[in-house]
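Colleague: Relevant sequence annotations retrieved from TrEMBL are reproduced here:
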- 104-128: transmembrane segment (TRANSMEM)
- 109-213: domain 'EamA' (DOMAIN)
- 134-152: transmembrane segment (TRANSMEM)
- 164-185: transmembrane segment (TRANSMEM)
- 191-215: transmembrane segment (TRANSMEM)
- 236-255: transmembrane segment (TRANSMEM)
- 261-278: transmembrane segment (TRANSMEM)
- 261-394: domain 'EamA' (DOMAIN)
- 290-310: transmembrane segment (TRANSMEM)
- 322-343: transmembrane segment (TRANSMEM)
- 355-372: transmembrane segment (TRANSMEM)
- 378-396: transmembrane segment (TRANSMEM)
Amino acid sequence: MTVPRFRAGVAPLTPHPVELDLAKGALWAQKLRGPFALACTSGSVWLTREGDPDDVVLSAGGCYRGADQGLVVVEALSRAHITVSREGVSGKLRRVLAAVRQQWLVLVSLFSLYVIWGSTYLGMHIALETLPPFYMGGTRFVLAGGILYGALRLRGEAAPTRRQWAGAALVGALLLACGNGFLAIGQQRGWVSSGVAAVVVTTMPLWVAVLGSAAAFVQRRRGREGSSAAPSAGEWTGLLVGFTGAALLHLGGAMGGSTGGLLLMMLSPFAWALGSLFSRSMDLPKGLMASAAQMIAGGVIMLSLAPLLGESFPVAPSARSLAALAYLTVFGSIVGFSAYGYLIRNTRPAIATSYAYVNPLVAIALGIWLGGEAASATTWLAAIIVIAGVVIVSVARARPSRS
């Protein structure tokens, strides 16, 4: 309903909300008894309250909560719609429960990323017992991406455009076909254990810093100022520490002791870093739809490359391998990416990406406990050094630059 220019009175609010349409310049005044909530659903309003020296301007989506009774005056700065509702014990309880629920969801999502993504390396090791790398990875990502895509479309998400599919194909080729595919080859050939594979992937932020410094150098040579800044002293320190840990892995024999194995394992996080940098400037779908499109496109590319690499799908893969493939599809991809998306939307980036520091330790421990793998003191030391390097780089990049 539309209210007149000025309306005043005493109104004990009912449990049901009161909705009001206000013309620009209209005033609404009430002396409300008890806790209340006033929400502006469209337009903007100016609000003042008896006993409160600070005025409040609410725009669409804003909400003001009052704990005590008193006169409330609202003036519409534009045509606006407001909702005034009683907020007693039940309202406060709902807000407390909602906050507790969000905290639990954050904790569950973090636990999922720490444990599930930390266990995917052991899952890959088991799946690769009877499944070839690119057929295994391609099947996993096509299934996971297809299920996630279907769920998002049913929820009303828009389908990617042709341009977005092209971008998803390029990013999926780098992240999944190259990044995940090279790692799977290394695990199948016994060059790396599941724990060492996780440590190798953890070097990805180091490669991002290297590529960023290369971009900054090229821009300076061309006399242009770009978005890529030269690495700071802290970043160089982190790079030195991190790559020292990677070298220690190789020298300690954790990467098979072969130069070819070392190069292929280093190409995996390099491809991940390159794909991550490309994804920042490409036209991609938003949110989880980007993950779904990248998994579908990357999975199709892996399945297409599998026969060219001499792979053949086994007639009768073992039950262990099939169970591991199902685990990787459902938990490693669908649940993992959903949890990561929730953390990105509801927590700070530092919390959402903290899995990178935990996954290697979880992977090494699970490899020893469930996979019968051995991890020498050198492997543990190298893992800690690599993680320390990544932490140093991350902290240095988070600090504001001094001009």
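Glycine is treated like the rest: Cβ placed from N, Cα and C.
Nobody curates TrEMBL annotations by hand; they come from automatic prediction.
Computed from a predicted structure; not experimentally measured.
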Colleague: Are there three or more C-beta pairs under 8 angstroms joining the transmembrane segment (355-372) and the transmembrane segment (191-215), sequence spacing 6 or more?
Modeller: yes
Colleague: Report the listed stretch (261-278, 290-310, 355-372, 378-396) having the maximum count of Cβ pairs within less than 8 Å of the transmembrane segment (236-255).
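Modeller: Comparing 261-278, 290-310, 355-372, 378-396: 378-396 has the most Cβ pairs near the transmembrane segment (236-255).
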Colleague: List, by number or range, the same-chain residues at least 6 past the transmembrane segment (355-372) whose CB is under 8 A from its CB atoms?
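Modeller: That would be 110, 113-115, 117-119, 121-122, 125-126, 193-199, 201-202, 204-205, 340, 379-380, 383, 386-387, 390-391.
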Colleague: Do any residues of this chain, six or more beyond the ends of the transmembrane segment (290-310), have a C-beta under 8 angstroms from a C-beta of it, and if so which?
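Modeller: For the transmembrane segment (290-310), the far contacts come to 132, 134-135, 137-146, 148-149, 152, 160, 164-165, 168-169, 171-173, 175-177, 180-181, 279, 284, 333, 337, 341.
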